[in-house]
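One structure is given here, and the rest of the page talks about it.
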Amino acid sequence: MIWHVQNENFILDSTRIFMKAFHLLLFDGSLIFPECILIFGLILLLMIDSTSDQKDIPWLYFISSTSLVMSITALLFRWREEPMISFSGNFQTNNFNEIFQFLILLCSTLCIPLSVEYIECTEMAITEFLLFVLTATLGGMFLCGANDLITIFVAPECFSLCSYLLSGYTKKDVRSNEATMKYLLMGGASSSILVHGFSWLYGSSGGEIELQEIVNGLINTQMYNSPGISIALIFITVGIGFKLSPAPSHQWTPDVYEGSPTPVVAFLSVTSKVAASASATRIFNIPFYFSSNEWHLLLEILAILSMILGNLIAITQTSMKRMLAYSSIGQIGYVIIGIIVGDSNDGYASMITYMLFYISMNLGTFACIVLFGLRTGTDNIRDYAGLYTKDPFLALSLALCLLSLGGLPPLAGFFGKLYLFWCGWQAGLYFLVLIGLLTSVVSIYYYLKIIKLLMTGRNQEITPHVRNYRRSPLRSNNSIELSMIVCVIASTIPGISMNPIIAIAQDSLF
């Protein structure tokens with residue numbers, strides 16, 4: 001009899017849970033329609049892989065790219081809709097979150113064609129690679145819209161787990177295994193630190209997990225200026241710092257960049273920073289609203305260290321991927337300036353604008369590196385000497401992307417940095433802006449050093465890699481060149497017409 005009653009209670013409880021989940025999906029599912037498209041694409045990939053042979057490989061690329069493009073289209077159709085909180089407060093949709101989701105989808109869409117020939121040449125498993133990329137994209141999108149502490153923790157873990165697997169995808173490469181181990185250990189440690197910071201927020205607010213409810217809880221408990229909030233701020237800053245990889249949380253970045261497959265590095269170098277920037281902006285501005293002076297100081301220190309160390313150490317590098325790793329550390333220092341400035345002086349708009357340009361500049365550079373690596377098998381900077389004599393198109397494309405990263409006019413990178421630094425100057429961050437200007441000059445030096453090598457390498461300097469350089473057939477590499485051309489154009493032309501981009505970025509602010 002007791003067993004019968006317990007069984008009935010279990011059935012009733014299960015039914016209630018199922019009905020609640022069905023109700024949430026029915027009424028809130030439209031708010032995550034772009035994410036649902038990616039989930040459907042993942043299911044299709046698994047179905048095709050389990051029921052087909054190697055001849056259907058083009059379909060895998062087609063489904064991946066189509067699901068990403070359809071997700072972008074769904075986001076654009078939802079633009080300027082009223083902000084809404086769904087799934088019992090776990091997820092928020094507004095223009096600010098959606099523009100970061102758009103940037104993540106754009107990165108992934110450009111990375112798929114960039115990876116095609118690399119996967120074929122290295123004979124990596126194609127389906128798993130695409131699954132990890134789409135799943136990481138999905139995790140990044142959920143992180144951008146996360147509205148409570150649990151989702152903010154689970155979403156980046158989804159992204160991180162796929163990142164660990166992607167970085168160690170070439171299992172026979174010792175450097176790849178080393179990079180994965182460092183990435184995994186430091187990622188696990190940073191996640192633990194982040195959760196510890198969340199626990200302080202949870203306890204101080206009286207058991208609240210939603211971001212806005214945490215603020216209300218801190219007011220009710222009079223804990224908004226307590227030492228516990230300062231402890232939470234420090235731990236959360238360290239945890240998020242791993243995702244953003246500013247100095248001194250950058251130790252994993254050079255090794256992972258050097259050891260991972262180049263298309264994976266291209267994907268991680270932009271998507272992780274976009275998702276982490278969106279999350280950091282909301283966490284610092286909502287739960288830590290009363291501690292703005294403290295987190296401003298912390299971020300200023302991180303920005304200064306990142307801009308100085310990243311650009312100075314990049315000068316000494318001999319590997320192109322390690323150089324870009326340290327360059328990205330310096331670039332995140334510039335982005336942090338926009339986070340500090342905030343909404344009052346167009347700081348977020350300048351950050352979004354610069355990130356859009358950074359995506360095109362960085363992915364364009366990596367597309368050139370992928371092509372050069374496939375044709376020569378090397379990543380050493382000195383092996384690029386005299387590339388212009390063998391492949392002028394590739395050399396000019398790489399030069400334009402590097403000049404844009406350095407911030408030379410009239411390229412997009414110059415206007416992005418100019419807008420970012422101008423907003424910082426208006427907000428009174430004079431010291432940060434001066435450091436940014438000086439370190440930008442340093443970055444121009446090591447970019448120009450590479451460009452000089454590309455264009456003017458003397459015969460005695462040209463290594464056998466370039467001397468024996470052979471262009472592969474156009475049919476096999478046009479997907480990489482397509483991504484490269486799109487990124488090169490986006491790195492140059494938008495600088496001339498900045499106003500529409502800035503207007504869209506300003507329109508996205510919460």
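The backbone N, Cα and C atoms fix where each Cβ goes, glycine too.
Listed in Swiss-Prot:
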TRANSMEM  24-44  transmembrane segment
TRANSMEM  57-77  transmembrane segment
TRANSMEM  99-119  transmembrane segment
TRANSMEM  124-144  transmembrane segment
TRANSMEM  149-169  transmembrane segment
TRANSMEM  183-203  transmembrane segment
TRANSMEM  295-315  transmembrane segment
TRANSMEM  323-343  transmembrane segment
TRANSMEM  354-374  transmembrane segment
TRANSMEM  395-415  transmembrane segment
TRANSMEM  418-438  transmembrane segment
TRANSMEM  484-504  transmembrane segment
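Within its own chain, the transmembrane segment (395-415) has Cβ neighbours under 8 Å at 327, 331, 357-358, 360-362, 364-365, 367-369, 372, 384, 387-388, 440, 443-444, 447-448, 450-451, 454-455, 484-485, 487-488, 490-496, 498, counting only residues six or more beyond its boundaries. Within its own chain, the transmembrane segment (354-374) has Cβ neighbours under 8 Å at 103, 106-107, 110-111, 114, 117-118, 121, 262-263, 265-266, 269-270, 273-274, 277, 320-321, 324, 328, 331, 334-335, 338, 384, 387, 394, 397-398, 400-402, 404-405, 412-413, 415-417, 419-420, 472, 477, 480-481, 483-484, 486-488, 490-491, 494-495, 501, 505, counting only residues six or more beyond its boundaries. Here the transmembrane segment (124-144) has long-range neighbours at 34-35, 38-39, 41-42, 45-46, 49, 57, 60-61, 64, 67-68, 91, 97-98, 100-101, 104-105, 108, 111-112, 115, 151-152, 154-160, 162-163, 165-166, 169-170, 261, 267, 271-272, 274-276, 278-279, meaning same-chain residues at least 6 beyond its ends whose C-beta is under 8 angstroms from one of its own. Nonlocal intrachain contacts for the transmembrane segment (295-315), taken as residues 6+ away from its ends with a CB within less than 8 angstroms of a stretch CB, comprise 233-234, 237, 241, 246-248, 250, 284, 288, 323, 326-334, 336-337, 339-340, 429, 431-432, 435-436, 439-440, 442-443, 445-446.
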